[in-house]
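Novice: For reference, the structure I am asking about is given below.
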Amino acid sequence: MHQVISATTNPAKIQAILQAFEEIFGEGSCHITPVAVESGVPEQPFGSEETRAGARNRVGNARRLHPQADFWVAIEAGIDDDATFSWVVIDNGVQRGEARSATLPLPAVILDRVRQGEALGPVMSHYTGIDEIGRKEGAIGVFTAGKLTRSSVYYQAVILALSPFHNAVYR
């Protein structure tokens, strides 16, 4: 059984990690241990590079806390131009997989507040009345009318980031 350290305690992210690992390695193939670690970037990262740096930092910090694990996984959400997206970073001590999620365009009224320094989650909670929306369906669930959720979009990115770990051509 793979010991997987999730560099987050966010249920939406943990669900995506668990589902993706079980899809690739088989049901019951892993045990997820969530840990709260620092990203080293602002609460609301801007741009692809800052967001990816946050995910990489989280993986490194999780690895220092639990060096005996098989995998360390981080999902860092950010804002790039007028959209939200995330970077997924997965490390197994030998190689790393990274993938960027799909992007969701955000309305100007939301972006204005985020650009003024507020994090997307609290802004979305304010507009929707859904407490801790970032730990649930997220802006993705709201603006896709539930057709996608934060977790379902992250799931795809985790699957992509896992590609180097089960395909021999990457080695």
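Cβ atoms here come from the backbone N, Cα and C positions, even for glycine.
The feature substrate binding site is assigned by Swiss-Prot to Thr8, Thr9, Asn10, Pro11, Ala12, Lys13. Here Swiss-Prot flags Glu38, Gln68 as Mg(2+) binding site, drawing on sequence analysis.
If you look at the structure here, what lies around each of the features I listed?
Specialist: Under DSSP, Ala12 (substrate binding site) is assigned to a helix (H, G or I) in the three-state scheme. Residue density at Ala12 (substrate binding site): 25 other Cβ atoms are found within 10 A of its Cβ, drawing on all protein chains shown.
For Gln68 (Mg(2+) binding site), the same-chain residues that are 6 or more apart in sequence and have a Cβ closer than 8 Å to its Cβ are Gln3.
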Novice: Return the residues near Thr9 (substrate binding site) by Cβ distance under 8 Å, restricted to its own chain and a separation of at least 6 in sequence.
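Specialist: In sequence order, Pro34, Val35, Ala36 meet the Cβ cut-off.
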Novice: Between Lys13 (substrate binding site) and Glu38 (Mg(2+) binding site), how far is it from one CA atom to the other, in Å?
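Specialist: The Cα atom of Lys13 (substrate binding site) is 16 Å away from the Cα atom of Glu38 (Mg(2+) binding site).
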